[in-house]
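Annotated in TrEMBL:
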type	residues	note
DOMAIN	313-388	domain 'Histidine kinase/HSP90-like ATPase'
TRANSMEM	29-48	transmembrane segment
TRANSMEM	60-81	transmembrane segment
TRANSMEM	101-131	transmembrane segment
TRANSMEM	143-161	transmembrane segment
Amino acid sequence: MRLADLPHRFSRLLDNVASDPARPSRWRGAGWGVFLALVWMFYLIGPIHDRWTGGDRLRSGLAGAAVIALSVLIATTFALYQRRTDSANVLAEPGPIDPRVWLPLGAMSLISAGLMILLGFAAFPTLLYVAATAVLVLPTRESGYVVVAVVGVTLLLSLLIPGWGFGVGTMALCLIPVGIWFGREVGTRGKRLREIARRQQSELTIVEERNRVARDVHDILGHSLTVITVKTELAGRLVDLDPERAKTEIAEVERLAREALAGVRDTVGGLREMSLAGELATARTALHAAGIRADLPVVVDVPTRQSVVFGWVLREAVTNIVRHSEAAHCTVRVDATSIEVTDDGIGMVSTAASGSGLTGLRERMRAAGGTLELGAADGGGLRLRATLS
């Protein structure tokens, strides 16, 4: 590779990262990795400095390089392999393990062993980072194996190394990886249970709505069709005996049929009715049920056309926030020509960004003569803005 090609290759790398739909999740994982790595890097500054000032500069230099390499590995492994457990995939079966994930984990184990040789007891807790990284990038069973291995190595070293013994420090080094593993498992199971409850609640809401419609249709048509049937039979018998009365009964049947048809249209219209005020009330309830703080306008004064279109925008935006965003806060701003919905969640997600809901919303806005913008919010999260003048 020529040196002149480096800028072009680096530009292509940035383009690929920017177009990656998993970018927010990956770089959030990288952020956690960098944080943990920096904590450990600062912790080891003291032992490395002591050896440097003590004249053992070769050993301290090697230890410093090993700490930097370990930090880079932690951040990279988090960014590339952290397993997501959001609502989009928390109920899915764990996918196959990328075999490449064992390379950084193995390298981290070797570096940890090297640091133990170079720095002694001060570097033994680096095994915790191997265990913590494994818990976050491997499925439950495989990460459990790594945790057991780390605990076993810790116990073995406590027996083999003179002067160490099984004390409070050894107990902590054994219990912390187990606690991390159990915490991850409990958190994942909790997310699964919450997602199951949310989906069951959604299904129950649909069933209740169907039952309501069935009741409305029965109430509207049941009586009318019964009367229509009776009057039609009566008119059939009166055609020859009393034609004038038969005509009266037929006219009454027509009136009843028109009333029944109007009732059905009103019921269907109720299902299709859309207004921004109604959707704001529904959004407030849905966000509260999902544990998301909502900053919504209490009163809106927009034209009827904008009210209907913005109602559809708000419904789709809130649906995506509840289902996909993992947000803690949602803000809605409305004026006479636009509505803007922002959240502080994970941002663009492939399942949400390419779903049929947003596709239909774009088509609806285009048909109404408006525009729809979707992008990153300031400080992270997602911003959806619809404009209709």
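Cβ coordinates are placed from backbone N, Cα and C, and glycine is handled just like the others.
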Other parts of the chain folded back onto the transmembrane segment (143-161), taken as Cβ under 8 Å at six or more residues beyond its ends: 105, 116, 124, 127-128, 130-131, 134-137, 170, 173-174, 177-178, 180-181, 184
DSSP residue counts for the domain 'Histidine kinase/HSP90-like ATPase' (313-388), split into helix, strand and coil: 30 helix, 24 strand, 22 coil
Integer mean pLDDT for the domain 'Histidine kinase/HSP90-like ATPase' (313-388): 83
